[in-house]
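Over in TrEMBL, the protein carries these features:
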- 133-161: region 'Disordered' (REGION)
- 199-240: repeat 'WD' (REPEAT)
- 241-282: repeat 'WD' (REPEAT)
- 283-324: repeat 'WD' (REPEAT)
- 325-366: repeat 'WD' (REPEAT)
- 408-448: repeat 'WD' (REPEAT)
Amino acid sequence: MVEEVQKHSVHTLVFRSLKRTHDMFVADNGKPVPLDEESHKRKMAIKLRNEYGPVLHMPTSKENLKEKVPQSASDSYGHKQYPANQGQEVEYLVTGTHPYPPGPGVALTADTKIQRMPSESAAQSLAVALPASQARADANRPVPAGGEYRHPGASDRSQPAGTVVMEGGNAKNSALMAKKAPTMPKPQWHPPWKLYRVISGHLGWVRCIAVEPGNQWFVTGSADRTIKIWDLASGKLKLSLTGHISTVRGVIVSTRSPYLFSCGEDKQVKCWDLEYNKVIRHYHGHLSAVYGLDLHPTIDVLVTCSRDSTARIWDVRTKASVHTLSGHTNAVATVRCQAAEPQIITGSHDTTIRLWDLVAGKTRVTLTNHKKSVRAVVLHPRHYTFASGSPDNIKQWKFPDGSFIQNLSGHNAIINTLTVNSDGVLVSGADNGTMHLWDWRTGYNFQRVHAAVQPGSLDSESGIFACAFDQSESRLLTAEADKTIKVYKEDDTATEETHPVSWKPEIIKRKRF
């Protein structure tokens, strides 16, 4: 209704003006003054252009006027210009405020009525975002006739709808080019591992294990509340340490001092002096069972994690609690330290992994990709990467920000422990007694082991709680629910011919969740 009123007002104004112009050439006696017809048309065209040019671009009905304007006459916005040669017979068309719609008779809609041209900064940012090949093609494209503006990356208007323009003839840069699905690269061949020794002596589940830096002995902690030290070469018991009043859940041997650290479900964290085989320090502060611990490789700092949903940083010498790492909403099951940032990594039953700032005592990154409890985390000894184990799958991550690398799927069980050697053999041990061995780089599962339980034990006591390589990485030790420690070594007789890699370049799906 408003547009109709505008149209009527404009045409009434033009009509009255033309009438006044005509009256200028009428004599006092009412008879028209004879004028040259060519002069009359010229004066009319000049007056129309000078005085009513701004209103000629308002909408009008198509049945009243027709367009006979040359195609080359257009300004930088696509508006029709008026011919310089006033001698030509021209009937003017009143168009909209924008070159769209392109022809007469097309109704103006909310989408095409008002369209603003992009700002210069917006056009530059769009050009920067284009692929290099597309940007070069736009730069080399000739400017259209009449100075018509075209968005960077927009195809020529002469192209019909649905036509695909291949710029530069490079098929790789085409968005329609079918991308090749990622495939698993051929994995490195690893010899299989075989069981060669079973060590008995504990009276309860063996919950944790650690090898001393000199590779002469190893230590285990058990549900029988004892810590036992074993000779690595012979497997014989050397020493038993008592002091915990509940299950021992974590042990670690210091590389910087003759100390052994242990923690347990009795909320206690102990430091043992191995020269006297006595406890010399206690670290008090956790409000519930302590599930794991780790030593910082370069400074005298101990980190423990607990069922109270926190991890604590301790000064080894002063026994002071430096930081309490709060943020997890359920029990913290595992903790790892490294010299590089982030220096502390925790995994929790709240399904998250947190990377911590040691100095500030605050979370740097929280990884929420796992759907179930994260009970195991392992750091690669050479690469700046780590892996986490959960019942849904094993995930590999890249430091320092926890960028996702890939999933290792197939070990469908509650994964209690992970360990990896410098050769790229990743071992996962599960609650059902199964152990899977993986190639770290490709995620290929090259061996699955399910050792028989100790005679006299129930099949339900088949479970692996902890595993570790010795310092030479030639032996693998597992702590199990049948109260034994099992020792594995590489099969020296195996070759790539006798144990070939059963691998096909299958398409892999690297899901993030």
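Just so it is clear, glycine is given a Cβ too, placed from its N, Cα and C backbone atoms.
TrEMBL labels come from automatic prediction, so no person has curated them.
When pLDDT values are averaged over the repeat 'WD' (283-324), the model yields 97. Residues 246, 249-250, 252, 254-257, 259, 261-271, 330-339, 343-344, 346, 348, 350, 356, 358, 361 of the same chain sit 6 or more residues outside the repeat 'WD' (283-324) yet have a Cβ under 8 Å from a Cβ within it. Here the repeat 'WD' (408-448) has, by DSSP, the following mix of helix, strand and coil residues: 0 helix, 24 strand, 17 coil.
According to DSSP, the repeat 'WD' (199-240) comprises 0 helix, 24 strand, 18 coil.
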